[in-house]
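J.: Quick one: the structure is below, and I'll ask about it shortly.
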Ligand SMILES: Cc1cc2nc3c(=O)[nH]c(=O)nc-3n(C[C@H](O)[C@H](O)[C@H](O)COP(=O)(O)OP(=O)(O)OC[C@H]3O[C@@H](n4cnc5c(N)ncnc54)[C@H](O)[C@@H]3O)c2cc1C
Ligand SMILES: C[S@@+](CC[C@H](N)C(=O)[O-])C[C@H]1O[C@@H](n2cnc3c(N)ncnc32)[C@H](O)[C@@H]1O
């Protein structure tokens with residue numbers, strides 16, 4: 001066990017790679033125009049092209065359409081998948097995200113949140129995180145720490161539909177969307193260009209050109225590759241197994257549960273009074289096994305993961321119980337008032353799926369006339385439910401800074417606002433990513449000293465309200 | 001300190017003689033010419049040596065990485081400064097300065113004039129250098145964003161312009177100019193004369209402190225070479241107190257004084273409390 005853990009840690013270290021993907025395609029503005037002239041199917045010049053219409057790309061289009069200073073920009077959104085018509089079904093989708101207060105605020109300001117509320121969402125009012133290797137736990141309650149809910153669980157496609165619905169009701173003719181868009185490549189401007197221009201080539205021979213190109217094309221971003229920036233990334237060798245779960249008993253169900261197993265965290269996120277959504281991170285092989293198990297055995301395995309007593313180290317037991325009695329003596333919560341997670345009766349048929357998990361950090365978010373947002377710029381482990389929230393934060397700051405730049409009469413690609421965007425976002429995203437990374441590393445080992453340190457750390461954190469408040473407020477911004 | 005400066009300008013005015021301070025720049029010939037001119041003419045704010053100096057920079061004026069780069073990067077600070085002094089509505093627009101008439105005194109090649117025109121302002125730029133007015137006049141055709149709103153440039157001095165117009169402009173701007181003129185009192189007076197009552201007047205300029213002497217002249221011009229060498233003479237720098245005094249004497253009320261700092265690492269300008277190096281002043285003309 002010991003050597004296994006160390007090996008895994010090491011493997012992850014060595015697997016970590018810094019890749020400088022493909023050399024930046026060089027082209028001048030002349031090239032772009034000559035190119036557009038020579039090909040007959042030049043489809044138009046835009047102020048902004050957003051590559052990738054996931055949750056983050058679409059919300060940027062919506063934010064541009066809604067900002068009084070940006071709404072007259074000519075925007076093209078290119079999305080690779082077909083335009084699916086959305087119908088809210090009684091059964092829940094297995095892909096859900098936890099959205100924080102900042103995301104809610106952004107989406108409310110864009111009039112998107114009302115569509116989410118009209119469809120469905122579940123507030124999270126409590127959060128309980130506990131460790132399988134010791135008895136300690138940490139609890140977050142919205143009443144104690146925030147005036148509002150801790151988070152909201154929303155299905156990915158509900159969120160995406162809400163954004164697109166608002167985008168179409170905004171009736172902004174300057175925003176154009178092309179679905180089924182197969183992007184073949186990019187030509188990006190040179191460093192010295194004072195008025196940068198990019199061109200986007202489609203697989204069918206069409207080309208578009210734009211002043212500002214936004215890469216919102218997810219973790220495998222082709223825009224990022226064309227920029228030729230350094231990308232620090234590693235795979236966790238883990239997958240997130242997702243599923244929709246039926247609970248044994250109906251309850252209020254506003255608590256998010258997360259238990260740290262030596263293999264990774266298993267999280268149960270509330271959907272409604274009878275159902276919850278699962279995100280179970282574990283090693284790739286385990287994940288594949290879990291997908292293959294018959295449904296009843298899968299539920300057994302899951303209940304096991306939530307309830308099973310792992311062998312305890314007596315030394316750790318002694319120290320944590322000593323810490324707890326000490327905390328009690330000084331009048332702080334000792335973290336033994338643990339609530340019990342719901343028990344799962346069955347899994348919704350065909351709701352199981354698994355997604356690879358990885359870490360990614362692009363050292364640059366910008367280049368001349370190009371900016372990255374969302375997973376294209378940063379990818380995190382889902383253990384803290386931060387991924388798309390960071391992306392929405394990018395959207396908020398980018399729109400704000402661009403709008404300020406326009407109000408000051410600057411070019412849409414002016415390096416000043418773009419530089420600010422990069423530094424503001426990296427100052428928020430990178431520490432968050434590191435915190436998540438650190439959590440992941442200290443929890444996927446069961447080395448005695450590590451378990452001891454994290455257990456006592458968690459006990460004390462749990463006892464100290466101001467510290468918890470700090471964690472919460474960082475997690476919601 | 002400012003009393004000494006003031007005596008100097010009063011001396012200048014009453015006796016109409018030039019109070020010559022030893023200068024570091026060997027531009028004596030043109031300066032003598034100028035002195036002769038001035039004894040016969042009525043007063044002028046023009047320091048011919050300075051104007052000639054700037055005229056020589058005409059070819060590099062619009063190179064954002066050339067000798068005038070600090071004026072280019074300074075637009076990021078001063079355009080919003082002027083904008084917020086002239087409009088303060090919650091509703092932001094793409095052309096916040098539309099319908100505003102602005103006089104850019106000492107406009108040079110038009111870097112600031114164009115920045116303001118891009119916000120919709122109707123800008124008149126005046127400069128004592130004929131060469132620079134020509135540069136400005138050519139460059140205004142480059143940017144499509146101001147195609148329908150090109151600044152109007154005039155080769156004149158502010159005191160001559162003030163003979164023709166009074167109480168006209170919503171805003172008068174003199175950015176990095178007052179430290180280059182003779183007779184700062186006449187300069188301020190003429191600027192205010194062209195301004196509407198209720199209009200705003202804006203200055204940015206170096207302070208006169210040991211620190212600004214060191215940073216602007218020694219570091220900026222001689223060591224880092226961010227500024228063309230010989231651009232400034234320390235004795236002509238004016239302190240915020242002196243400038244405030246001149247403005248208040250001309251029926252203006254000073255509303256804001258900010259310190260202005262430059263970060264050589266990021267290449268960015270910023271407002272701060274720190275007024276020892278450079279500062280920006282905004283005043284309103286009382287009715
Ligand atoms: C198991 C799991 C659980 C998660 N849970 C949470 C959570 O609780 N909270 C949270 O905040 N985040 C969570 N995340 C992360 C979250 O899902 C992502 O951060 C989010 O989806 C990123 O959105 P995006 O728009 O940046 O990228 P994506 O969703 O990847 O969208 C990219 C879009 O670009 C399009 N595209 C890509 N390439 C091209 C191309 N060449 N041409 C045209 N189109 C292209 C794709 O079709 C796609 O629509 C979780 C992730 C996983 C895997
Ligand atoms: C440092 S430049 C500033 C140019 C411009 N205001 C800018 O910030 O981009 C100083 C300018 O003031 C002009 N100038 C100097 N003395 C002047 C005077 N007395 N009247 C008008 N212009 C003057 C010079 O010709 C020069 O163009």
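Using N, Cα and C of the backbone, Cβ positions are placed for all residues, glycine too.
From a predicted model like this one, the values you see are computed outputs, not experimental measurements.
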J.: Going by the S-adenosyl-L-methionine site in TrEMBL, where B:106, B:127, B:175 are listed, which of the candidates B:78, B:83, B:200, B:208 is also part of it?
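T.: Record check against TrEMBL: S-adenosyl-L-methionine site with B:106, B:127, B:175, extra candidate from B:78, B:83, B:200, B:208 is B:78.
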J.: Where residue B:180 (Mg(2+) binding site) and residue B:106 (S-adenosyl-L-methionine binding site) are concerned, what is their Cα separation in Å, rounded?
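T.: Roughly 9 Å, rounded to the nearest whole number.
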J.: Take the mean position of the Cβ atoms of B:176, B:179, B:180, the recorded Mg(2+) site. Which other residues of that chain put their Cβ within 8 Å of it?
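T.: Same chain, not in B:176, B:179, B:180, Cβ within 8 Å: B:50, B:106, B:177, B:178, B:181, B:205, B:206, B:231, B:232, B:236.
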J.: Round to a whole number and give the Cα-to-Cα distance in Å for the pair residue B:78 (S-adenosyl-L-methionine binding site) and residue B:176 (Mg(2+) binding site).
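T.: On Cα coordinates alone, these residues lie 11 Å apart.
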J.: At the level of the C-alpha atoms, what whole-angstrom distance separates residue B:176 (Mg(2+) binding site) and residue B:106 (S-adenosyl-L-methionine binding site)?
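T.: The Cα atom of residue B:176 (Mg(2+) binding site) is 8 Å away from the Cα atom of residue B:106 (S-adenosyl-L-methionine binding site).
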J.: Since the record lists B:127, B:176, B:179 as binding-site residues, which of them has the fewest other Cβ atoms within 10 Å of its Cβ?
T.: B:176
J.: Of the residues named as S-adenosyl-L-methionine binders, B:78, B:106, B:127, B:175, how far apart in Å are the Cα atoms of the most distant pair?
T.: 19
J.: Taking only same-chain residues 6+ apart in sequence, whose CB is under 8 Å from that of residue B:175 (S-adenosyl-L-methionine binding site), what do you get?
T.: B:74, B:78, B:104, B:106, B:112, B:202, B:203, B:204
